Structure formats: C-alpha cells, structure tokens
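Annotation comment: Swiss-Prot describes G640, P641, N642, M643, G644, G645, K646, S647 as ATP binding site.
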Amino acid sequence: MKTTTAQPSPSTSDFSGHTPMMAQYLGLKANHPDTLLFYRMGDFYELFWADAEKAARLLDITLTQRGQSAGQPVVMCGVPFHAVDTYLARLIKLGESVAICEQVGEVGASKGPVERKVVRVVTPGTLTDSELLNDKSESLLLAVHAGTRNFCGLAWLSVTGAELRLAECPADALEAWIARIAPSELLYSAEVTPAFEQRLKAARAATPFTLSIRPAWQFDGGLGERKLSEQMGSNSLAAWNAESLANAHAAAAALLGYAEHTQGRALSHVQRLSVERDGDLVELPPTTRRNLELVQTLRGEDSPTLFSLLDTCMTGMGSRLLKRWLLSPRRDRGEAQARLEAIAALQSTVLGGTAAPWRTLREQLKNTSDVERIAARIALRQVRPRELLALRLALAKAEQLAPALPASGELLGGIIERLAPPSGCADLLASAIKPDPSALVRDGGVIATGHDAELDELRAISENCDDFLLKLEVSERERTGISNLRVQFNRVHGFYIEVTQSALSKVPDNYRRRQTLKNAERFITPELKAFEDKALSAQDRALAREKWLYEQLLDALQPSVPALTQLAGAIATLDALCALAERSHTLHWRAPSFVSHPCIEIQQGRHPVVEARLAEKSSGGFIANDTQLGPQQRMQVITGPNMGGKSTYMRQVAIIVLLASIGSHVPAAACRLGPIDAIHTRIGAADDLANAQSTFMLEMTEAAQILHSATAQSLVLMDEIGRGTSTFDGLALAAGIAAQLHDRSKAFTLFATHYFELTEFPATHHCAVNMHVSATEAGRDIVFLHEMQPGPASKSYGIQVARLAGMPAAVVNHARQALEALESQHAQTRAQVDLFAPPPAAETPMASAVESALAALDPDAMTPREALDALYALQKLNTRERGAA
C-alpha cells in the first residue's frame, strides 16, 4: 500500500486560512470527531488527514496528498460511491463507525462549495442497508445504565425491527444478560466506574461487540420515560408494565437518542414495547449456548448447529424469529403450548388426502421479501426502488396465505387477522414503481409511466430525440437541396447540422456556424437550438422530478408502515411455525407434553444434529436412549469409555428439553416435561489465556456458578468435573459437587465421570442412580454400543481408545502393563474413606464483647446523641479486644 508521511488533523475549531471546501469539511468533522467521515465529492467519498490514514490502513487503499490548506498538505484517500457498501461492510466488521456526508445543494446554486450534510451515521449496532445485514440475524443496539440499588438498566432494539425491549437485572447478572442479548454495539455512560467499564470489556470475550461511550447526561430516567411515552404514543407506560423501571428508562433515553442521531430522524416504525424480567425465561448461560452448539459450533462456525438444522424458513424474517425463540425459551408454557397446537393444525390433512397446510404455505412463502426491514427503511426514508417492487410482490403473496391457513387456535387465528395488507398500498406501488426499476433513484428510470404527466412529457422529449433529429434531417435536405446534409449530436458541441465543403453554397441564411472541420462545416439553427435547450434540460428535469416524486411516494407510504410491520410479524411467525412443522415431519419428531410435577421423561431420545450428520455420511442409524428423571431419581451418575456417547447423551437430553420449551416437536418417541427454569452445562475444557484463567480455574468457576444458580427446576449437565488437577483433589471436588447438587440444589443432574469411586454415590444418596454407556471387547479392540444401561461401567477402556486413536503399539503395551501394576497396587492399599459423608459441623464461635454489646442496643429507642455515644463506646471496646488479642 502506498503511504505518505503521517499528518496530524487540523484544528476543528479554527478554520481560518483553510480553503472553503476544507473549512466545510472540518466543520462537519467537528460534529463527528470519533467517526470516519465519508465526504462526497462527485463520484467518490473522500477522507482527509487522520481519517484518511486510518481508512487507508484498514481498507488497504492508496493514501495520497493533494495541495495544501492553511499551509498543511491535504492527506486523503477515497472510495467510489457505487462501491461504498463493500467498504462500509469491511469497516463495520472491524468495529468502526462511518458518517455519510452527501451533497444536498445544487452545484453553482451559491458561492463557495456545494452544500453538504451528514445524512446518516453507520455503526455496528444501527445498520439498515440490506448489503450490511445478515438475513438470519438481528443487529442489536444495547444501552446499559449502571443504575442504582445494585440494579442495571438495559434497553435494546434492532433499528430495522419494530420492537424496543427493556429490562432491569441484578448487577451481578449483567454479563449473562449481555451474552443472551448478543448486541452488535453497546452504549454506556462516560461516567461509569473503571471497574464497571472493565466488566463491559470483559463481556466482549463471550460475545464480541463494539463499545460506544456516550455523555452521562443522555442516561436520564425522566428523559427516557418521556421518550418512551412519545415513541408509543401514550401518556403512560402502564399498558406495557414499564412505568416503574427508572434504570431501564435511563438506558432507553441513551438508546433512542443515539439511534435517532445515527439515522437522522425519529424511529417512527418502532411501535412495540416489551419488558423482560428475571424469571420470565429459561436461563441459558453462555456456556450452555456454546456447549450445546445452539447457533455456533465449538469452532465458531455457523453449521452444523441446532439452529442450522431447525432453520428451513423461507424468509429472513422467519429465520430471525426462530433464532429468537431458540435463544429465549419462556418458563410459562402458554406460548410453547400454543405453538404445539399450531404445528398440529399445520400438519393435519383435510379429508380427501390433500397436502398438509404447511406444504402449501411454504411454497407460497418462497421468495417473499423481507417486509420487516423494508418497512423500517420506508420509515427511515432509506428504501430503494427495487425493495418497493419486492414489497409489492410480497403483498400479493400475503393475500394468498390466509385462505390456505387453518383457522385453528388463537395463534393461527391471530396470524390470519394480521396478514391483511394495508389498504391501497399495493395499488400505489403498482402505479408508482416501474416493473423493472433502476437500483437507485439517482439513476432515474424508477417511476412508472402514467404516474405523473409532467414526468412523462419530460421523458418523451428525451426519448424522442432521435425521431426529432431524423425528421429535421429529412425536412432540411428537402428545403436546402443538400442531399448529404446530416443532423447529429455529440457531448462536446451538442446538436448540429453538418454540411460538406462542396455544398456550402446552398446553406440558408438562418444557419449559424458552430464548428469548422477539414472537409465540412457544422451549423446550428434557431429551431435546433431551441430543441437542444429543451432536450438537454429535459433529462436533468426528469431526474429531478423523479427524485421529488419518489419522496412524495415515501410520504404516502408512511401511514402504511404500522400495518406493514404487523404483516411482517405475521409472516415471520407463520414461516417459523411451518419450518418446525416441516422438521417434525421430515425428521420424525414427536410433540412433547407438559406436566406440572417435576420430571424429565424421554422415550427413545436422539441427538438431532448428530443423527442428521450420521444420515448425511450414511454411517448407520443413531442409537436412541431413554431418560427418566423425577422426584425419586434426580441424578444419573454416568460412567463408560471415552467415545462411548456420554456427552452426546447428556447434550441430547438438554436439547430435547430446550426444543420442548420453545414449542417444537422433539427427536424422541415421547417426552413428558415438568417445569424447567434453567439449563446449566459444564462440558469440555479450554484455557482462557486472555483473562489469565487456566482450564481447571475455568472448570471450577463454571461449576461454582452452577452451584450458586441451580434450583430444583434446573437441568444440570456435569461432564468429567475435576479432571484438571490431581486425582485425589479432582475426586474430592467431584464428590463434593455431586453432593451439593443432590442434597441442596436438588437439580435434575446428569453427572458423567471417569472416577469409578463416584459409582458408590447412589448407595448413600437415594435420589441418584448409576448409568453407563455400554461397550464390549472384541479381542483387544473395543466396540461402542452407545446404549444407556443401568448400573456402573465395569471398566473405562482408556487403553483401547488410545489404540483406536493410533497410539504407537509400544506405548499401548507399556500402558497396559503399567495399568495392571497400578490396579494390583490400588487393590492392596485402598483406604476406606467415605467421600460422601457430610462435613463435620463447624464449632459455633463465642460472641465477642463488641458483638454482645451491639446486640444489646435498641436503635429505635435511642436519641441521636445516645447513638453517637454508643458508637464511641463500641469503638473503645473493639480497641481493647484487639489489644488483648
């Protein structure tokens, strides 16, 4: 990459001495000091000084130098306007923000540079362009307020969505909330404590996002409440149960202010408000989402995951909604039950053997455009002509959906009601937009013929130019008798009549010479000059007229935005339900049933992703297994060889519970599920070097979090806990953790271990049972049967697994001999230690003199003076005690 010597940016407060254009640039840059400013100049967006150096480095484009301003070299680089989306995408991916500055004035309309202004700011959390967005994922902007009373306020939205969400969470749960929301950008106050800021930065390790600092005054609860009321068009937030959330209101104030600033206007399309509270959702900590590979594999890939298996949606709207369902299962079974009933209706076939409704509906949904995002871009006045054409086609498709939809149940009935397109919208789009419009309004060719008489006339002048010239040429030849006279046009000299040297004597008096050539002369006539003025201006006037008409069209579409947003929600819900119906049919899943008593009962359960991968590779069928957990059997202690299927079994149970909780059918012959409040997992191990945490430290940290959080309604997966330290340490810790989960948390627990000593745990803990994954030996080889069977495993088969992995024969033989010696020695010296005995009760310490004196005080009966005297007395007593000690 070509570079020049780095130059500091000029002062943005003193523009004296700068050229008019650079003074204009610096004035705009002063309002966006921390943002790259794309300054439109003709066919390029230019960047100057420090912005240019940064952009050139990040984008690997040429950095150059052109002239001077105020005695300083003007360092610059640029990108073509027609390719700007490509460069924006690269910058946004790097966490940068870009202010887009356009020419808004007419060239030559005033002295000095053409008028320019920043029309929008593109940041990672406020993306609106379809080229910059992922069809299947929301780009969320989150604001966090440090809050009071040890609570944090959160407010978040997608600028291209229609819903704003609020929450207040305990300060110690903030990281979990951030991880679940998974924002693209997080806003926080410039006046938070260093410790709080460090927590936000640390949270990026689990969920990468851009941090943006905002002035503290923007986080104002009163301002937020007013903004929310205005946004919802109401004097009170009581209808949304959002009136007493001062911390969340403060976050919403900053959120809305920032979003409006970046878009250059209010978010009129955001008209839904919801409040999420602790206890509403089934908790899925970051470790659970990672270990179950819900939306990303352990290698960071998008497939194969549970979401990639589920997502056969026909629209981006449906995919995004399905992902939200998957990551936000609700404890209240009402929504899940409604979805199960809807899936049943979509799968039912009417008498006569016609196709199930989900098949017909999916065909109709195919190629439906993203109505949700198009509606948002209409409201933000950023929609492109071809998106409006796509919207018209989507509205036509929507009209076909309701008749094919069974009116069964409240959920499907509500979808039918919301599928009604806004009145007159499709007709307006059909009359206004060409069937094949240009990509951009600035290119013309967008407004349909017949929509505006003045535009049609201007187009006719421009389009009929060739016909006029041909007719003029014929008439002039007849009038002058010059047979080779030609009427033509070029961009330099405009329209002209060309006559060869031999015919110049026949040129009429009204011909005025325009250009002399070697063998000919070119002339202009008053008639041709008048046409030239009209024709050349007609194209510019037609383009200006089209731009004006397009703005008028956007004005006319604004009242339809709420109905379009409602329609988008209905299409998304229907699409997601049809995808679940298709998955159930194709993968042979069954509907779960919900019960009020605690249980997880699964017959012939399967891991859906592993099963699908086996089918792809033709590697044989998946071995299904039963699971029985209830009040009398809350824990399974699972033993068996590596590669035997312990982790797969544990994960499949969690996935089946999760799928049932979102209202999906499940990969099992049958499933009964009681109340579930969380799914916790401690599976696998990896160092966190960035945060100076070893494998074992991470293991213990995650286990501690589970022990503090798990309840009797939680599902806990513990896989090989205690591996990262010495054998005795690990065994002792594993025993203690198992006892805590069994005796105190009473959570449904799948506890996989290689510590054979733990198979004695169920003997003293009546709600625990031993289970093992079966395997058999064939000579010196091992055959994995992948079946869960009662009782402990007879051996771990570690040496056989090492042999299968390709370990050198000498190493395997040495290990086998060493194992035999160790087992013999262990059998002779094994101590009878009760790993599962409760710890001895701690002695109750005697109360100190200070504690006794403090307990004797009655603060309510004391005057302020008496309280102060008592405090001094306690201080003296404490000093004496410390001295005696």
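Note that Cβ sites are derived from N, Cα and C of the backbone, with glycine treated the same way.
Sitting within 8 Å of the Cβ centre of G640, P641, N642, M643, G644, G645, K646, S647, and not among those site residues for ATP, are the Cβ atoms of V773, A775, F784.
The sparsest Cβ neighbourhood within 10 Å, among the listed binding-site residues (G640, P641, G644), is found at P641. With every protein chain in view, the residue among the binding-site residues N642, S647 whose Cβ has the most Cβ partners within 10 Å turns out to be S647. Sequence-distant contacts (6 or more apart, same chain, Cβ under 8 Å) of K646 (ATP binding site) comprise I638, T639, G640, D719, A752, V773. Here G645 (ATP binding site) comes close to I623, V773, F784, H786: these same-chain residues lie at least six apart in sequence, with C-beta atoms under 8 angstroms from its C-beta.
Other C-beta atoms found within 10 angstroms of the C-beta of M643 (ATP binding site) number 18, with every protein chain shown included.
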